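Colleague: I have a structure here, written as structure tokens, and I will follow up with some questions on it.
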Amino acid sequence: MRITSTSCICPVLVCLCFVQRCYGAAHHGSIKVTRNQTKHIEGETEVHHRPKRGWVWNQFFVLEEHMGPDPQYVGKLHSNSDKGDGSVKYILTGEGAGTIFIIDDTTGDIHSTKSLDREQKTHYVLHAQAIDRRTNKPLEPESEFIIKVQDINDNAPKFTDGPYIVTVPEMSEMGTSVLQVTATDADDPTYGNSARVVYSILQGQPYFSVDPKTGVIRTALHNMDREAREHYSVVIQAKDMAGQVGGLSGSTTVNITLTDVNDNPPRFPQKHYQLYVPESAQVGSAVGKIKANDADTGSNADMKYTIINGDGAGVFSISTDKETREGIISLKKPLNYEKKKSYTLNIEGANTHLDFRFSHLGPFKDVTMLKIIVGDVDEPPLFTMPSYVMEVYENAKIGTAVGAVTAQDPDTANSLVRYFIDHNTEDNKYFTIDANTGTIKTAKIFDREEKAWYNITVTASEIDNPALVSHVPVGVRILDVNDNPPELAREYDVIVCENAKPGQVIQTITATDKDNSANGARFHFSLDEGLSLNPNFTLRDNEDNTASILTRRRRYSRTTQDIYYLPVLISDGGVPPLSSSSTLTIRVCACERDGRVRTCHAEAFLSSAGLSTGALIAILLCIVILLAIVVLFITLRRSKKEPLIISEEDVRENVVTYDDEGGGEEDTEAFDITALRNPSAAEELKYRRDIRPEVKPAPRHHPSSSLDSVDVQEFIKQRLAEADLDPSVPPYDSLQTYAYEGHRSEAGSISSLDSVTTHSDQDYNYLGDWGPEFKKLAELYGEIESERTT
């Protein structure tokens with residue numbers, strides 16, 4: 001290969017020599033280029049011209065994998081300045097210079113000292129320069145050139161991803177693509193056929209084929225059956241040099257597995273089966289298994305078993321075990337050998353996932369017949385009922401018959417049966433049972449109010465085989481008798497307001513009875529007939545199991561009586577009827593006009609006046625202090641008083657002063673002042689009430705005459721005589737004053753002295769309507785009215 005250049009930079013001649021081993025010939029070539037030189041002509045000035053490059057070259061070639069003993073010749077460098085006298089020195093620098101490539105600095109020959117591998121490095125970039133050996137000055141600029149490593153077929157094709165594992169469905173069409181394999185060759189694909197690969201199959205025929213150019217593996221047969229053969233090992237070869245003789249090759253293995261499709265229907269191995277089941281088998285238990293074979297796998301082999309007909313379809317059932325794909329036969333109803341000794345079942349097994357592409361291979365189901373033989377076993381006694389419910393009255397005597405249970409031996413032997421109750425539980429201790437007849441009796445006395453239901457278990461066993469036992473639950477209901485009297489439902493806190501009116505309902509009471517509704521649903525309320533009529537309260541039966549407490553009079557006073565007691569008699573409607581007496585406590589309380597309770601304590605009077613407990617204590621303390629000061633003052637005065645000395649010569653009367661004051665108009669005990677206001681009011685002689693007189697004068701009879709005939713002077717004389725003759729008067733003189741006020745006024749007296757004893761029909765309830773300022777006055781008049789009523 002020769003490359004020339006039309007423009008030269010410096011006058012140097014370089015010869016390019018190379019050997020083309022690929023064609024079996026080697027030759028050297030050199031290109032000589034003349035260099036422009038400076039000429040000296042006599043009489044002329046020296047003229048300098050730009051030098052032109054005297055060599056034309058681009059690249060050298062060297063074969064890879066050289067195995068000879070001598071270094072491999074690459075090429076030759078030659079400069080026009082080289083006259084052959086050794087004055088020109090050639091220098092080589094760059095990649096591999098001095099190690100891989102060496103140059104003869106005199107001749108310019110380049111050799112390769114090592115075996116090169118193109119797959120590791122395809123080319124090397126070097127620099128060449130010619131210098132003067134004596135002056136070491138460059139004769140021309142440094143130039144760059146390339147040494148390319150020429151490829152030889154030294155790399156076989158390789159499968160980088162092998163070995164391969166792949167699947168393809170069974171029964172696939174011929175030519176179905178399975179996998180594409182690819183081999184790589186490290187040789188130069190641009191040079192010759194070293195990297196041109198073709199594929200072939202070494203193992204796996206006639207089932208599979210491979211495309212020689214693309215490496216696509218395909219199926220080569222129709223309807224490959226997984227059930228006949230599932231796994232295949234295919235060996236694929238890749239060869240370079242387009243498959244020619246002498247080319248290098250590589251191979252890989254492709255493991256191909258046929259995946260399953262539902263192309264095989266299920267089949268029972270036998271058309272008739274026989275199964276033995278003892279009659280003692282429990283309902284719901286599995287009594288046998290059956291299986292239909294399916295050559296497919298996975299979901300394609302899933303199936304469902306059903307009983308399509310037969311006389312045992314109502315006694316047995318079948319289900320499918322998804323893991324083992326077996327039909328599990330279970331018992332739906334108990335078996336009885338004495339009634340039926342065998343059953344026949346027609347069982348069908350069918351696939352659940354169908355592939356309609358292979359429906360022509362069906363049907364995908366199969367049917368078989370199963371005969372079940374019932375085995376005879378010695379069974380425990382059988383009770384006539386699955387459970388029993390009995391009743392007995394409470395308070396029944398010990399030994400009272402409650403009921404009876406019955407069990408029989410279901411076998412043909414019909415052995416005798418014995419009964420017993422296990423007394424390990426608490427309920428079983430209340431009953432006994434006759435071992436031969438099964439009659440249940442009471443062992444204790446029952447109280448329905450404590451426990452109304454008992455659950456016991458009766459056991460029956462055969463006399464010939466006691467190990468065979470059966471159990472039955474028995475429930476005993478305790479019936480009620482009327483043995484509990486009714487009583488108040490709760491403790492009632494009954495309150496009556498002071499301003500209550502007659503007939504007012506102050507409380508509604510109810511009653512309860514521990515007996516059931518049949519012996520106490522209807523209650524009757526009344527007051528105790530043995531007591532006198534209650535003047536304060538009464539009771540009304542509402543006839544709905546409640547009663548109302550009502551007031552019988554107007555107004556109640558806490559100061560007079562703050563608590564009342566009302567006996568109440570309650571009876572039920574049972575047989576025989578029972579009754580009880582309860583006493584209600586009724587408290588008197590002060591209430592608002594709307595009925596709200598204000599207070600129920602007597603000290604509320606002070607509180608209503610606005611005095612708190614602290615204020616009352618302060619007032620009492622002040623009173624105690626004042627009394628102490630008065631006592632102290634009197635004591636000091638008595639201690640300072642001198643004794644009274646009366647001289648014998650000083651004889652004169654001593655005046656004794658009495659400062660006693662009367663009790664006012666309210667003091668009617670010491671003296672009857674009505675006699676002074678009207679002489680006609682004096683009926684008889686009045687005596688002092690603090691001293692019993694020794695002599696009682698004969699009573700005087702005053703004729704009934706009019707007030708106009710009364711002589712006041714005569715009246716005064718009579719009083720004077722009575723005072724003189726009264727033995728109970730003090731031993732000193734006393735002054736009695738009589739004042740006559742005249743006749744009684746027609747308008748009547750306005751004094752309050754006689755108001756206490758005067759009966760008035762006036763109703764003071766209107767005072768409660770005047771507001772809180774008159775509340776105290778209304779309470780006082782309400783108390784007076786209550787006292788008069790009482």
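Using N, Cα and C of the backbone, Cβ positions are placed for all residues, glycine too.
So TrEMBL lists these for the protein:
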- 1-24: signal peptide (SIGNAL)
- 79-159: domain 'Cadherin' (DOMAIN)
- 160-268: domain 'Cadherin' (DOMAIN)
- 269-383: domain 'Cadherin' (DOMAIN)
- 384-488: domain 'Cadherin' (DOMAIN)
- 488-605: domain 'Cadherin' (DOMAIN)
- 615-636: transmembrane segment (TRANSMEM)
Colleague: The domain 'Cadherin' (384-488): mean pLDDT?
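Modeller: Averaged over the domain 'Cadherin' (384-488), the predicted model reaches a pLDDT of 90.
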Colleague: Going by DSSP, how much of the domain 'Cadherin' (160-268) is helix, how much is strand and how much is coil, in residues?
Modeller: 3 helix, 45 strand, 61 coil
Colleague: Which residue counts does DSSP yield for the domain 'Cadherin' (488-605) in the helix, strand and coil classes, in that order?
Modeller: 5 helix, 53 strand, 60 coil
Colleague: Per DSSP, what is the residue count of the domain 'Cadherin' (269-383) in each of helix, strand and coil?
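Modeller: Tallied per class, the domain 'Cadherin' (269-383) gives 10 helix, 55 strand, 50 coil.
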Colleague: Of the residues in the domain 'Cadherin' (79-159), how many are helix, strand and coil by DSSP?
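Modeller: Summed by class, the stretch gives 0 helix, 35 strand, 46 coil.
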